Amino acid sequence: MARSVLVPPGPDSFRFFTRESLAAIEQRIAEEKAKRPKQERKDEDDENGPKPNSDLEAGKSLPFIYGDIPPEMVSEPLEDLDPYYINKKTFIVLNKGKAISRFSATSALYILTPFNPIRKLAIKILVHSLFNVLIMCTILTNCVFMTMSNPPDWTKNVEYTFTGIYTFESLIKILARGFCLEDFTFLRNPWNWLDFTVITFAYVTEFVNLGNVSALRTFRVLRALKTISVIPGLKTIVGALIQSVKKLSDVMILTVFCLSVFALIGLQLFMGNLRNKCLQWPPDNSTFEINITSFFNNSLDWNGTAFNRTVNMFNWDEYIEDKSHFYFLEGQNDALLCGNSSDAGQCPEGYICVKAGRNPNYGYTSFDTFSWAFLSLFRLMTQDFWENLYQLTLRAAGKTYMIFFVLVIFLGSFYLINLILAVVAMAYEEQNQATLEEAEQKEAEFQQMLEQLKKQQEEAQAAAAAASAESRDFSGAGGIGVFSESSSVASKLSSKSEKELKNRRKKKKQKEQAGEEEKEDAVRKSASEDSIRKKGFQFSLEGSRLTYEKRFSSPHQSLLSIRGSLFSPRRNSRASLFNFKGRVKDIGSENDFADDEHSTFEDNDSRRDSLFVPHRHGERRPSNVSQASRASRGIPTLPMNGKMHSAVDCNGVVSLVGGPSALTSPVGQLLPEGTTTETEIRKRRSSSYHVSMDLLEDPSRQRAMSMASILTNTMEELEESRQKCPPCWYKFANMCLIWDCCKPWLKVKHVVNLVVMDPFVDLAITICIVLNTLFMAMEHYPMTEQFSSVLSVGNLVFTGIFTAEMFLKIIAMDPYYYFQEGWNIFDGFIVSLSLMELGLANVEGLSVLRSFRLLRVFKLAKSWPTLNMLIKIIGNSVGALGNLTLVLAIIVFIFAVVGMQLFGKSYKECVCKISNDCELPRWHMHHFFHSFLIVFRVLCGEWIETMWDCMEVAGQTMCLTVFMMVMVIGNLVVLNLFLALLLSSFSSDNLAATDDDNEMNNLQIAVGRMQKGIDFVKRKIREFIQKAFVRKQKALDEIKPLEDLNNKKDSCISNHTTIEIGKDLNYLKDGNGTTSGIGSSVEKYVVDESDYMSFINNPSLTVTVPIALGESDFENLNTEEFSSESDMEESKEKLNATSSSEGSTVDIGAPAEGEQPEAEPEESLEPEACFTEDCVRKFKCCQISIEEGKGKLWWNLRKTCYKIVEHNWFETFIVFMILLSSGALAFEDIYIEQRKTIKTMLEYADKVFTYIFILEMLLKWVAYGFQMYFTNAWCWLDFLIVDVSLVSLTANALGYSELGAIKSLRTLRALRPLRALSRFEGMRVVVNALLGAIPSIMNVLLVCLIFWLIFSIMGVNLFAGKFYHCINYTTGEMFDVSVVNNYSECQALIESNQTARWKNVKVNFDNVGLGYLSLLQVATFKGWMDIMYAAVDSRNVELQPKYEDNLYMYLYFVIFIIFGSFFTLNLFIGVIIDNFNQQKKKFGGQDIFMTEEQKKYYNAMKKLGSKKPQKPIPRPANKFQGMVFDFVTKQVFDISIMILICLNMVTMMVETDDQSQEMTNILYWINLVFIVLFTGECVLKLISLRHYYFTIGWNIFDFVVVILSIVGMFLAELIEKYFVSPTLFRVIRLARIGRILRLIKGAKGIRTLLFALMMSLPALFNIGLLLFLVMFIYAIFGMSNFAYVKREVGIDDMFNFETFGNSMICLFQITTSAGWDGLLAPILNSGPPDCDPEKDHPGSSVKGDCGNPSVGIFFFVSYIIISFLVVVNMYIAVILENFSVATEESAEPLSEDDFEMFYEVWEKFDPDATQFIEFCKLSDFAAALDPPLLIAKPNKVQLIAMDLPMVSGDRIHCLDILFAFTKRVLGESGEMDALRIQMEERFMASNPSKVSYEPITTTLKRKQEEVSAIVIQRAYRRYLLKQKVKKVSSIYKKDKGKEDEGTPIKEDIITDKLNENSTPEKTDVTPSTTSPPSYDSVTKPEKEKFEKDKSEKEDKGKDIRESKK
């Protein structure tokens, strides 16, 4: 890192780039070359080589550390600052804006050296900021010209001008940079390629005549892309997009693969089906019938000639081709489809079903060839208009094929689309991580640079200290402030411009300067975030001491303690320099400005852990601070050295804590004790600010300032921002905007202030807002006179109230302060608009102003946290995603222009192909606006219909390409955009408790006061009654303590973030810790001074207060842990356990100890008490003795019942009954009347079921007792459902069955299946998860409703009553405006008995409710076209609509779709996913959608790779078999099989519907060849692998496929000859597709994704079950309500609610919200002439075919919300989860594949699969592995050091080796332990045998033993020698002593080693001499494992231990 500091920062680092510099560079390069030998040069670009400094990249701004550029150096060549380029030929140029441009120092175009004046000039022009502006303007103007559809002639010259400017730009760039050879030249930048191509094309089209010019002209559109290259922020975004596309490669491959497979299936199943049409029987003709029959019999080979040559008068071909002979439904372009199978669509009387004519939708919807099938499948996957495809296919092929669609929708659509989502989300996450890390690294580098400045700073320090001593007033109440703004940068993607920051700063300055005049009355109770920042230093007096006390001990840290304030404001790049946090996960959290070492508070990972910040006791904390404002904090300024901080000690003395100088001479001033008012504090704060400013301007300061350039910058920044407003403005503001002229006025002001600022007034205003909203929502059409007058009066009143509120507030606060606050500005804006609107009420066309009143709704946000949050999220996202949105806009623009240029003319010329009356349809590309609308519609996911039109007029290939590009690119960007939105500005932290953390807002205070008042009255009444009646002291005594408690609670509302005392009481604390002022009752609660002292004296103290949400009582004080750093870790762990219960008030302990997360009641064999204790206490009769008499009998009865109820057979029986009774409901369709026997059976069954359920209920009552029964929610559900049955039974018995109420009750029987919920574990789990999410879903739903309300009211204002039109009701056509202009003319027609009718559109905006429905249709993109057409055509009330008269009303819908649909629906997805993640955390990270059983399956899947070493399949002894074996096991064999599979797939794709006989035969033989080949493969493998063949899963799969293929061939022959069942035949052919699936085996990426799917299956199964249950209930409900509805629009003979099957088919379609508008439309018919209420239905007593609009709307809306939002999103949540798990698994350093490899190698060394290997072979084994596990030779030492346990025979177990090797790869870590435990579990599961081998020793011990043995041997030899030589015995004794000393030491080592390895509880293991240590003791790591299901293993361990003892 030091390399980046080579160039000294500061102004002296800039040097001109001269010839000498160039020479020096050349010399360095030469030296470098000479130094290095040739080979090394190749590895030059190695990863570990030096990298360019990312801060000095071209295009970035110069970092602040370099200070200002001397003016003479601007735009001049300078030497490169980046050390990386020290030996590269480059130089840099800086412009005025300090942007870095880097150029190559070689000659440009071989002639211009860097010193050439021409090149210098070019460079000056290029880097000038205006140059970019010019190009930008040119591009934009050019874009405007491009949007013209028929440009006039003079535009040609304009074109030339543009081309000229672009050419000039490129020339400048080429002159300045060079063309293409060196780095940093023109063509080295990909963005310049774009320019180059654009210009070349411009010239080419000009001078060369190329024919189709319009196609080439479209290339000009790419100029719009140049905007991207000009705006710096966009480049990064585009980079990000490209990154995420790269990431998508795997998913794309999988998607294409799956779609191909499904398309092949579709091809086989539905080939040619969609051409079946209903043909009219020809004129009566006997020969025809013969022909027809022969036609059907020979249908496979008819050639189109007439069949019967004898009859030539009838030409079948011509007859079929004539369209008029087909059956058309009215209004349809395509003939009615039909099918020949029993469950397909039938033809009307007189028609037969024949395959003829073209396919539907211009012939583009079909499965006839692979390509069309693929398109259809792609359409299914993107779910665009798929209901149409679904209905056509089911009609033509039969309802059974619904299964195909279910599979494709669930596996294809939901799964694949969401996988794309998951991948994109992950790409984003990774990018965010990367930017964070980069920022961290930068901070470290800067820290080093700052150290270089240390010396300069120290000099400045002395001067500063002296200066501070001169100025007495320098000290302030809380530091002098440069106010940091890090909250604005808190959003991950935010790149707010410095301008904004400066403006904010400017506001603050004004505030501060005016602050001197601020008077006491201007106390504001509720301030927004902004004003909080303005209030300056949020830390309290003591807090500041705490923060800065230890700071000066290490001088170089001081500067960075102000982490973001110095550097961030001027940077424009995405991650501002210091805006990140080191170890804290949440960006922008509490201690951004504390040093890492001396962090004020321990960094806690959870944001909810509140901080203990003692607050200044004179200052009320402003109320409405939201989450973000915590991140915005005040920062004390740095006088020159940045080291002087002021602190206030406990006596109120302000001292300057600076370097030693400041400490030794503490200059301070006593704050007056207890008298300072809040205002004075504030005043003092602002005045001190002035002092600091004057101080800085003092001339004597200048020298010191020049010492450290960094500070110069900061100060300049201050002065600049201060001078933004000239001083005269402040004078003016003080004079005119602050009103405090005379005493009486001040008194008035004071009174007004008291009134306006009172919480009750706030409450009243809020109520007014709600009422006003209601009034606006009550408008409807048609309204009576009185009603509208009431509304207008109401509006006047509300306008008056709001105006009054505004004026009073202005009086109370002074205009200056009033407009300092965001909400007030907002109010002011709305009030002035309302007044304006009153003035302009009579002017036509300004009714739009009325919709501005709607913005008042947003005032609710002030007191409604979730709404506030939503607005913030949208605000943040719009800001943060500004760049992305821009990219999207550019893309939309480009495609709109391309569409217009390419297809505009064709639409005009070929319009008759797509429109009956040869008028341009609504969706065309002839003009730019319409082209834009089409592109927008494609982005909404509706591309297929417009594409058909396009293909019809402009040719298939071009249209397909353009539309697919828009679809993929646009949708990817949109998806990216909203994902980024959700990821960056949305986490449930802000959802759950936005405002809990801050002081209660005024509403809560007001409500609290009311509550208090009510309590007080209640208490007084109670006391009075007790005094009057019960004159007992005791009663009073009982009340007293409670009362006290209440008082305490009320008087002190503690708060999460800070412990603030006495909020309402505004008292002050004087120096001695007593309280003066109001509220002595609070004295007990004042935190004692000593607490603060402990803070101050021990800065390392931290307090963590874990809190449960939503509780704000003082009890939180008891949970604090005052702890020093030493026990911090522990409390952190505790916290992580407790704070995980976010969102609930109950802490669920970590489930680690083995208890289930849901604590179920203990299974006791005794029933519980019948009644609750309270009941027993009040009614003595409830208490029965169970010891004797009747009581005992009763008790025994209960015990018996309990046994019955608890028996699992009982439960099974009940479940069976529930299923039967639910099944019975499915039979009650419209045909039940005709099937009398079934009807009577059902009636009896119904009674039986009811009795059984009543019996069950009674049994449970007796067994469980009422208390237990009625406290269980599931029991309540049972109870209510049984009640319904009971009531209807009694009603039937009494003969009231025909009553309306009873009938509607009967429909409630549809809820019966709900009882199955509690019985099926899987569904119950999901429902619990859902219920957990309901609060936050409801919250967001409410917010969305408010949001939509605005659009709805706006819609009512714009369109109410304007959708009426006059139609001819026989033809259904609308009269033209020329014929009928208005209502009265229509009436005239009606009266003259014409067939006319004045009719409304069914879904309209006549009132707010219908408005909501319309908006829902628009948001789900279903039925939105009709609504939009009506809106666009509308003129005025009672006027006949005119085609596209009101064209720009489209924009209303576009805006709604963006905000109402994209934002709010995505927000839902965000909330749901987030919620489930939170619940998951709460349940200890397990999946909340799985039952225990399924979790086991899931874990098994996860551990799939854990295989035990298998015996390799032995090579057969037989010579022939051996040869085959060798051939089959070669890799070539596998690869060739794969190639064959691919070829087979291709041949299957070639098949088409209308292929010739010849082709069919060829394909038949090819297929035969493939079958033979695959059978051959199968046989070869069987020969060589013998019975082992079936041990491998894939082989079994292959085998089955081969068998099916062979059987299929024979069956196909049989079926063709004997049976005519084409479906069966087709299904059998599908078997061939199975072969393709074998490809999966080969592709790793696809395997990962499918693995993720496999892992999601259990959870998805549960969710699927729940979805089925919901569908079932709704189907039955639909059958009982809508069975007889008129068949029109979406309801017809196949898709209706008449039978259970049909209902399910319809509901499945709506699950994806497809086509629900069509099903709803007929149900909205409420009376004639739309439907006939008296119509008879044969065979049924029901009359009429009208629907019930209210029931229908409720039915569909609720179903859509439940299924679409909930289920689909749960699906998403599960997939995202498992996808990340699967990718993590594949991304870990050791994947399953590595373990497989380990075992494969193992098999060679351990052929008998003993699981052990001899120690001598270990070295070879380690060398034989592949990396990363490989340990190359020489590896003996490493292996010995691994200390592996050995068993007798010097053998080592494979697991131990694997552990040791993985440890080597992963390093020591917690993960390692987890992995080890996991592997051991897997192993134990598969090999119980392992335990029996007891290790005796380890490799290390073995080595030590060997060494010891050698030592002993040597000693003994020496001893013998000594004996022989007969030396003096004393020497011998000495020697002996040495040996004795030696051995014990060795033994100690061994013992230590053993203990080190053994687990804590087994430390009593004795040295190895007594008995072999247990296997566990040698292998287990230090950390104890807590696996509950491994109890048997533990027991074994215990036995071993006991035997040792």
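Glycine is treated like the rest: Cβ placed from N, Cα and C.
Just so it is clear, the model here is predicted, and its values are computed rather than measured.
In Swiss-Prot, the feature N-linked glycosylation site is attached to one residue out of Asn285, Asn1055, Asn1778, namely Asn285.
Membrane topology as recorded by Swiss-Prot puts Ser244 and Gln1494 together on one face.
For the residues Asn340, Asn883, Swiss-Prot attaches the annotation N-linked glycosylation site to Asn340, which does not rule out the feature elsewhere.
Taking a C-beta cut-off of under 8 Å and a sequence gap of six or more, Tyr1429 (site 'Binds Mu-conotoxin KIIIA') has these contacts in its own chain: Arg922. Note: Tyr362 (site 'Binds Mu-conotoxin KIIIA') has non-local neighbours Trp948, Met951, Glu952, i.e. same-chain residues 6+ apart with C-beta under 8 A of its own C-beta.
Beyond the ends of the intramembrane segment (1700-1722), by six or more residues, the same chain brings 383, 385-388, 390, 394, 399, 402, 405-406, 409, 413, 1226-1227, 1229, 1402-1403, 1417, 1420, 1422-1423, 1426, 1667, 1671-1672, 1674-1676, 1678-1679, 1685-1691, 1694, 1731, 1747, 1752-1753, 1756, 1759-1760, 1763-1764, 1767-1768 to within a C-beta distance below 8 angstroms of the stretch. Model confidence over the domain 'IQ' (1905-1934) is summarised by a mean pLDDT of 75. If you measure from the Cα atom of Tyr1443 (site 'Binds Mu-conotoxin KIIIA') to that of Glu945 (site 'Binds Mu-conotoxin KIIIA'), you get 21 Å.
In sequence order, His1365, Cys1366, Ile1367, Asn1368, Gln1440, Pro1441 are the residues of the chain that are 6 or more apart from Met1374 (site 'Binds Mu-conotoxin KIIIA') and have a CB within less than 8 Å of its CB. Considering only the recorded sites Glu330, Glu945, Asp949, the Cβ with the fewest other Cβ atoms within 10 Å is that of Glu330. Cα-Cα distance from Glu945 (site 'Binds Mu-conotoxin KIIIA') to Leu920 (site 'Binds Mu-conotoxin KIIIA'): 15 Å (rounded to the nearest whole number). According to DSSP, Leu920 (site 'Binds Mu-conotoxin KIIIA') sits in a coil region rather than a helix or strand. Mapped onto three states, the DSSP output places Met1374 (site 'Binds Mu-conotoxin KIIIA') in strand. In the three-state DSSP scheme, Glu330 (site 'Binds Mu-conotoxin KIIIA') falls into the coil class. Following the DSSP three-state reduction, the secondary structure of Glu945 (site 'Binds Mu-conotoxin KIIIA') is helix.
Here the CA atom of Leu920 (site 'Binds Mu-conotoxin KIIIA') lies 11 Å from the CA atom of Asp949 (site 'Binds Mu-conotoxin KIIIA'). DSSP assigns Tyr362 (site 'Binds Mu-conotoxin KIIIA') to a helical segment in the three-state reduction. Cα to Cα, Asn916 (site 'Binds Mu-conotoxin KIIIA') and Glu330 (site 'Binds Mu-conotoxin KIIIA') are separated by 14 Å.
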